[in-house]
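According to TrEMBL, the protein carries these features:
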type: DOMAIN; residues: 94-204; note: domain 'Amino acid transporter transmembrane'
type: TRANSMEM; residues: 96-116; note: transmembrane segment
type: TRANSMEM; residues: 122-142; note: transmembrane segment
type: TRANSMEM; residues: 178-201; note: transmembrane segment
type: DOMAIN; residues: 273-447; note: domain 'Amino acid transporter transmembrane'
type: TRANSMEM; residues: 294-315; note: transmembrane segment
type: TRANSMEM; residues: 335-357; note: transmembrane segment
type: TRANSMEM; residues: 369-390; note: transmembrane segment
type: TRANSMEM; residues: 415-438; note: transmembrane segment
Amino acid sequence: KGFPFFLFFFSSFRPFHVEPTNIVDVNDDTQRVTDEASAMNKRIHYYSRLTSPADRALIAPDHVLPAPDEIYVYSPLGTAFKVDSCTDGYGKNSSLVTIFMIWNTMMGTSILSIPWGIKQAGFSSGIILILLMGILTLYCCYRVVKSRQMILLTDTSNWEFPDVCKYYFGSFGQWSSLLFSMVSLVGAMVVCWVLMSNFLFNTGKFIYNFVHDINVTDIVPGTNGSNKVICPSAASGHPPQNGSVMFSSGNRTGFELFEEWWDKSQTVPFYLIAVLLPLLNLKSPSFFAKFNVLGTVSVVYLIFLVTVKAAHLGIHLEFNWFTENEFFVPEFRILFPQLTGVLTLAFFIHNCVITLLQNNRNQENNVRDLSIAYFLVGLTYLYVGVIIFASFPSPPLSKECIEQNFLDNFPSDDIMSFVARIFLLFQMMTVYPLLGYLARVQLLRQLFGNAYP
């Protein structure tokens with residue numbers, strides 16, 4: 001089977017159709033093209049010169065163009081051959097890659113806050129809100145994807161969402177949508193940078209303490225045993241934070257030097273530049289998609305961690321529909337808007353979904369792939385949120401002890417939590433370049449008409 005192929009050699013090679021009867025054996029160095037094939041070549045180029053390439057009003061009709069399986073590479077010198085190594089979807093992503101890319105990009109670190117959100121809303125109302133918000137955001141995202149197809153008589157294949165807003169609302173719609181899109185993308189990049197700095201700092205500190213035999217003892221209330229769970233917010237009136245006392249048997253001068261060069265806010269954020277700056281300068285959207293899919297490994301490990309912890313801690317539930325006691329929260333709470341706020345961001349991908357799906361090899365599967373990705377995201381949120389909330393040991397601890405980042409409910413020397421932070425750091429490093437690519441494409445295309453001017 002032959003496919004379209006573009007080959008330029010001193011501007012003399014161009015895509016061209018040749019009847020099978022006009023092709024000489026590929027191994028024949030003297031293969032030529034007949035007058036009939038050359039006439040078709042001139043006819044196609046005649047259509048292309050009737051108007052500018054940007055105007056699609058006068059393009060070669062379908063009956064002039066050959067079928068996809070009958071397109072060959074042609075040179076005016078007479079060579080015509082098939083190139084089997086190229087396909088229509090070259091440089092595109094499969095549906096599987098697209099689904100996992102959307103899943104990983106949408107997930108982010110919102111998954112760490114879902115148990116806290118369920119605690120704020122109540123167990124039963126939390127489950128209902130996750131389902132309803134997932135359906136609502138999926139429908140809104142579906143309308144965004146379909147918005148280009150509702151515009152007839154205009155080629156919208158390369159349009160971004162601001163272009164759609166411009167079509168319906170004029171320049172105000174274009175630039176306002178671009179502004180809000182940039183705010184959300186840049187804001188997400190800032191949050192990712194802060195989280196990566198935090199994960200990298202804690203990872204480096206754990207490794208240093210382990211290598212130099214520095215014992216860390218948490219000074220917050222918690223359970224006893226090998227599967228310890230702590231309640232940082234109950235330690236004092238200060239904001240939830242893991243307090244600890246360190247006993248070092250190593251060199252104090254070396255420890256102070258480490259503290260100076262491994263600071264959470266003054267040094268560690270700058271170390272990330274060396275890793276992320278080269279990734280931000282890559283141009284291939286296919287690379288970003290495949291690289292982003294690798295971050296799914298961290299989500300899989302997080303699900304594994306939640307399952308193992310729940311198996312050891314057991315289930316601790318008590319259904320109090322409207323009353324609150326010392327250890328449990330009611331099923332319905334007036335604080336439920338805090339969960340809906342978390343879910344609004346957790347399910348948000350609307351401003352860049354068109355850009356992500358443009359690189360899907362099978363465009364007719366966009367809606368199906370988007371729906372599957374949303375289903376996986378919602379299922380993951382439900383599983384992690386419900387399991388962590390249900391297995392949190394109450395008593396002796398209250399459900400109110402569940403932190404906004406549920407990893408903070410495990411001691412600082414917990415090995416599985418340490419590995420989870422490493423995986424989350426890796427996930428953020430796969431998401432960050434994709435967010436930068438989306439922001440660059442949307443901004444530069446609106447300003448210069450080209451993603452790489």
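Keep in mind that glycine also has a Cβ here, set from the backbone N, Cα and C atoms.
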Next item on the list: With a Cβ cut-off under 8 Å, give me the same-chain residues at least six positions beyond the ends of the transmembrane segment (294-315) that come close to it.
Entry: 100, 103-104, 107, 111, 227, 229, 380, 383-384, 387-388, 390-393, 410, 416-417, 419-420, 423-424, 426-431
Checklist line | Same-chain residues at least 6 beyond the ends of the transmembrane segment (96-116) whose Cβ lies under 8 Å from its Cβ atoms | finding: 130, 188, 191-192, 195, 289-290, 292-293, 295-296, 299, 302, 342-343, 345-349, 353, 356-357, 359-360, 369-370, 372-374, 376-377, 380-381, 384-385, 388-389, 392, 402-407, 424, 427-428, 430-431, 434-435
Margin query: Take the C-beta pairs under 8 A between the transmembrane segment (415-438) and each of 122-142, 178-201, 369-390. Which stretch has the highest count?
Written below: 178-201
Checklist line | Considering the transmembrane segment (369-390), which listed stretch of 122-142, 178-201, 335-357 counts the most C-beta pairs under 8 Å | finding: 122-142
Next item on the list: Report the DSSP secondary-structure composition of the domain 'Amino acid transporter transmembrane' (94-204) as helix, strand and coil residue counts.
Entry: 92 helix, 0 strand, 19 coil
